[in-house]
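> Mind having a look at this structure? Questions to follow.
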Amino acid sequence: MEVYGYTWSRFRSVATWSGVILTLGVLRLVFHWYPQWLLYATHTPCTLDVATKLLVVDNYMGRFKTYFVKEVKTISTHTVRLSTVGAAETPSSLSDVNDGVRAQLNNGSTKDIQECRAVWIKKLCYIWDEDRSEFVKLVGLDKGLTKAELHKYSGFNEYQQQKRQIIYGFNDIPVEVQSLWKLLLLEVINPFYIFQLFTLCVWAAEGYYYYLIAIVLMTCFGVFSTILQTRKNQQSLHDTVHSCDVVTVWRGGDRYEEIPTTKLVPGDVITIPTHGCNMECDALLLSGTCIVNESMLTGESVPVNKTSLPRLSGVLYDPKEDINHTLFCGTKVIQTRFYGNERVRAVVLRTGFLTAKGSLVRSILYPPPADFKFDQDSYKFIGILAAIAAVGFVYTLVLKIGKAVPAGDVAIKALDLITIVIPPALPAALTVGKLYAQNRLQARKIYCINSRIINVAGSINCVCFDKTGTLTEDGLDMWGVLPVGEQRFQVVVKDMKLLSRGPLQLGMASCHSLTLIDGALSGDPLDVKMFEATGWKLEEPEVVDQQKYDLIVPTIVKCPTANDHHDDGLPSAISLLHQFQFSSTLQRMSVVTRALGSQDLVLYCKGSPEMIVSLSRPETVPEDLNSTLEEYTEQGYRVIALGRRPLAESSYGKIQRMRREEIEQDLEFLGMIVLENRLKPETEPVIGVLKGAQLKIIMITGDNILTAVSVAKECGIIAPGEAVVTVTAVPEVKGTRARVFYTSPKDLVAPVANGRHDVEAGTGQTSFKLALTGNTWAIIRDRLPELLPRICTRGAVFARMSSDQKQQLVQELQSLGYYVAMCGDGANDCGALKAAHAGISLSEAESSVASPFTSREANISCVPRVIREGRAALSTSSGIFKFMVAYSLTEFLSCIILYSVESNLTDLQFLFIDICLIVNFVFFFGKSEAYDGPLVKDPPLTSLLSFIPLASIALHVVVVAAVEICAFFWVRDFPWYSQYTKDPDSYECYENYAVYSVSLFQYIAAAVTFSQGKPYRKGIHTNVALVASLVIMTVICAYKTLYPAQWILNVMAYIQPPVFNFKVIVLCLAVIHFLTVMFTEDFVVNYVLAKVVRPRWRKLTGFGAEGKKYLAVDKELATEKWPPVTSQLPIKLNASVTEIREPPQTVEIHMKAQGGPDVPLVRRQICDQAL
């Protein structure tokens, strides 16, 4: 965001408000639409340190600018008086009155605040920092504090709490529910309704009272339905977000007090009740453990186990790394567990809009700007219509003045053309297709919280999928285990009953985060399958209710077939003392255990094989690890490694104070657990449908890269004939630049004449896909960003990706010009789901704040359905837009032609056209369902200002003008014709009959012409309501043209020719017009121009691919042999080293070449030396 300071100017203010008065408030209305203009007009620029108002410019992705005008306020803690403190607070227990409040700022610094300048932008507070001369965002305790410092918080007294409340405000997420009167006022001063008010004034002056009344009634209906729906949405969001409870806060010592949750401030220490509660703030668990349901935030229905924050000095709290110690606002604590008599305490980190829930609400209140070309072009096209109206305005002025028409009549007629060319009903008409599509999606259990996104979904050309739970089954099945013995893997054990009760089984039984909820195992599906396979039982202290978790007894796992003292000396019962929760960044979790009857502690650690190997002692790692791991992962199995470490000299208290990095090392590698993750039945057919439409398909997963590649091949993301090139990046080491290596099957390596391989040669083929890990992505993005366009354009599998990296990939694809859809289960995909053009969450909830689309059927069959409905809605919107433009220009031409003889359409003629034809057809236009046939390659056009839509409308209008002019002059050639004599009370003349009658059929023809069927919508014949409406209106219009009743002639105020033959001529002209526009649209526009001329034009000039950078990248790659190939591994990678995940800057690559340099490698390393 860019911030500019302004201070009030007396002279400018006087001049501005004088202008407001002189313009009767019109200038103030313009300032309402553009508030920054009011700031420019009444204030002068100044430095931020003396500014009274700020202009905040939010430049979204460098393409959209949003302006906010905010007032700078002064806040002071001196407003809190001792008299406001309760009787329980004695002066001796209060802080010094002159002390300020120590607040945390977003840059990691702290500031003692007594009095300061502040501004609120998008619900967040920014404090003026004199030292840095800038406004810095006020944050909670999540920035700049160590874990040990957070443990030192012992609660605030009431006086301290009230002072902090001055700075942080109430712990509330207020969503304003505006009154109906306010909503009505805000709605009617919209530019659209101001223009409509102008049209009503013109019509009133013209005497079009019937049509005026009809439009007023329609407008009132539209306005009131809009404000009622808006208020309903506001009320719904308010009811969903607003919640208040009572919480117990610790005042220090043995003193506790119950207060409303709205009074909480960062730094308060609260107690979590034993029966659980709804969290009303973000808090950090200081003692005890909690089981939390976070489905409201993540969509993940599996309860999460939260443990207390370790008391580590010198280690900063990290919101991402310490997520397993953080309780988030909006989640529900199901159970808690105490240790001894100690209560479960948590320190409040964030309140109000700073919380995770507040952040989600802010994303709803301030959504990203509309990034859709169709919406942008629709507004630009209205500008074109305005230009046409201006031409008509000038034409009318010249024509009428030349005929000595009174000035008042000239002005009215000229202004009337403006109201005709720009149809007032256009914005409402464009929503029809989206609403019908939304209802059809809902009928298929796909819910959408933002109908605008439906049109965007019609342009999708790239779909990203999460793997586990999205492409594959959510649960895993145990396939087998691979024990280690004598530094080699033993025979795989598929029947868990045959697995000896050794360290590997003990690790499987204890290394998990499972718990019992209502007597059933609950936790990660992988942990559940692994634990159930062992046959062991999990027990928790069985005491009633509130006493249950006051005990120090930990969770215990027992072997059901063993006594307390088994003959083999191995324990039959193990207590789980401490957990280090799973971290996607660290790729591991671990548990500290103690066997029954022993005082020795043992750590069991499980995670990705790469990570466990890096933490294990080399002598315990099997020699055949690489080949064995590759064998199983290439078959699509999920492989987890397990290790252990005895902690003989450690105690439970010491463990609590140690960092996990100090404990999770020097492991003994125990073996690998192989799990089968089957594809969902719907996955392969859906991928086939999407690939058939030539959509770019990408898998983004946190799983092993070889497993991900195997699943990608199995489901069809990587076709049988496509080669896979694995990208591996090595960071800078001791002055050596970051390098990128490419691994591919040896048949991709391009040989040269001497039998060797050219280092500079590429793959030698264009049909290949890239696969890489999140670690490689991070290095390339940081050090080699010039490679990202190529990586994204050819990438198909992105493995070991964190939540942030998934979001980064989606945004990078968008920057290349892709319209991206993201489909995931909502757990680790929230960022990507929100960043994508169309996020689809697989969740049981009817709606999810994480994504605009939510499918209650947890499979990807919803993706083609969303794309189909999106394409149908976009095609409908495009068709309606062209129909409305054709209608307005047809009516415009009718008026222009009749103006030449001083005639015009009558009030009821306008009314019949606008109500019985236009509104009628528009209402049923969107009922055509999405096409069920194959998805085609090209989505509907998103640009209304491109060659094809403009040619379609232009050719249609030319035919309309030709037919109307033909009818206008033809009727004057008959002997019975009599010239119209101007009559201010009547427009009855033969020209009026000819133009009006033939135009009726032109509107019907336009509705049929622009109601396109396949490949995006079903044929018009399937839209029964629209067909019936068209047939009925055709019959009525034919009746009015051929032989109407006298009362119809009187009401419509037009006359008929005295002979029947011209009436037949009008019908013939209507038929010729219909056939001509159909031929023009279907053959000339949709075939000749769209399929013949445009492709050749693009091929010759490259024009038409603006914004689609990925096409340029594809073209560039087609002319190059990339990636470059080498036939021999670099020396530095010949040694067996392992990919390490933490920290990211110390990543090394584990690759082992079997045999000497003369032995052919199964996989070749390809190094890009040209970086």
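Glycine is treated like the rest: Cβ placed from N, Cα and C.
Pulled these from TrEMBL:
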- 1-129: domain 'P5B-type ATPase N-terminal' (DOMAIN)
- 14-31: transmembrane segment (TRANSMEM)
- 149-202: domain 'Cation-transporting P-type ATPase N-terminal' (DOMAIN)
- 211-228: transmembrane segment (TRANSMEM)
- 247-364: domain 'P-type ATPase A' (DOMAIN)
- 381-402: transmembrane segment (TRANSMEM)
- 414-437: transmembrane segment (TRANSMEM)
- 880-901: transmembrane segment (TRANSMEM)
- 907-926: transmembrane segment (TRANSMEM)
- 947-971: transmembrane segment (TRANSMEM)
- 993-1011: transmembrane segment (TRANSMEM)
- 1023-1042: transmembrane segment (TRANSMEM)
- 1062-1089: transmembrane segment (TRANSMEM)
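Show me how these features fit into the shown structure, please.
Per-residue confidence over the domain 'P5B-type ATPase N-terminal' (1-129) averages out at a pLDDT of 83.
Packing against the transmembrane segment (211-228) from elsewhere in the chain are residues 180, 183-184, 187-188, 193, 196, 199-200, 203-204, 424-425, 428, 907-908, 910-911, 914-915, 919: each is 6 or more residues past its ends and has a CB under 8 Å from a CB in it.
Here the transmembrane segment (381-402) has Cβ contacts under 8 Å with residues 409-410, 413-415, 417-418, 420-422, 426, 881, 885, 888-889, 892, 896, 899-900, 944-945 of the same chain, all six or more residues outside its ends.
Long-range neighbours of the transmembrane segment (414-437) within the same chain, counting only residues 6 or more positions beyond its ends whose Cβ lies under 8 Å from a Cβ of the stretch, are 192, 195-196, 198-199, 202-203, 206, 215, 218-219, 222, 378, 382, 385-386, 388-389, 392-393, 396-397, 400, 451-452, 454-455, 869-870, 872-877, 880-881, 884-885, 887-889, 891-892, 895-896, 914, 918-919, 922-923, 925-927, 930.
Below 8 angstroms of C-beta separation, residues 378, 381, 385, 388-389, 392, 395-396, 399-400, 413, 416-417, 420-423, 425-426, 429-430, 432-433, 910, 913, 918, 921-922, 925-926, 944, 949, 952-953, 956-957, 960-961, 964-965, 968, 979-980, 987, 989, 991-992, 995-996, 999, 1002-1003, 1006-1007, 1010-1011 of the same chain, each at least six residues beyond the ends of the transmembrane segment (880-901), sit close to that stretch.
Sequence-distant neighbours of the transmembrane segment (947-971) (same chain, 6+ residues past either end, Cβ-Cβ under 8 Å): 878, 882, 885-886, 889-890, 893-894, 897, 941, 977, 990-991, 993-995, 997-999, 1002, 1006, 1009, 1057, 1062, 1065-1066, 1069, 1072-1073, 1076-1077, 1080-1081, 1084-1085, 1089-1090, 1094, 1104.
Cβ atoms under 8 Å from those of the transmembrane segment (1023-1042) belong to residues 916-917, 920-921, 924-925, 927-928, 997, 1000-1001, 1004, 1007-1008, 1011, 1048, 1052, 1060, 1063-1064, 1066-1067 of the same chain, restricted to positions at least 6 beyond its ends.
Tertiary proximity for the transmembrane segment (1062-1089) is limited to same-chain residues at least six positions away from its ends with a CB under 8 Å from its CB atoms, namely 947-948, 951-952, 955-956, 959-960, 963, 966-967, 970-971, 974, 994, 997-998, 1000-1002, 1004-1006, 1008-1010, 1012, 1038, 1041-1043, 1056.
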> Determine how many residues of the domain 'P5B-type ATPase N-terminal' (1-129) DSSP places in helix, in strand and in coil.
41 helix, 53 strand, 35 coil
> Hey, which bits of the same chain come close to the transmembrane segment (993-1011), Cβ under 8 Å, at least six residues off its ends?
879-880, 882-883, 886-887, 890-891, 894, 897-898, 905, 909, 913, 917-918, 921, 925, 928, 956, 960, 963-964, 967-968, 970-971, 1020, 1023, 1026, 1030, 1033-1034, 1037, 1040-1041, 1054-1057, 1062, 1066-1067, 1069-1070, 1073-1074, 1077-1078, 1081
> By DSSP assignment, list the helix, strand and coil residue numbers for the domain 'Cation-transporting P-type ATPase N-terminal' (149-202), in that order.
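Result for the domain 'Cation-transporting P-type ATPase N-terminal' (149-202), in helix, strand, coil order: 35 helix, 0 strand, 19 coil.
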> What is the number of residues in the domain 'P-type ATPase A' (247-364) that are helix, strand and coil, as DSSP sees it?
22 helix, 46 strand, 50 coil
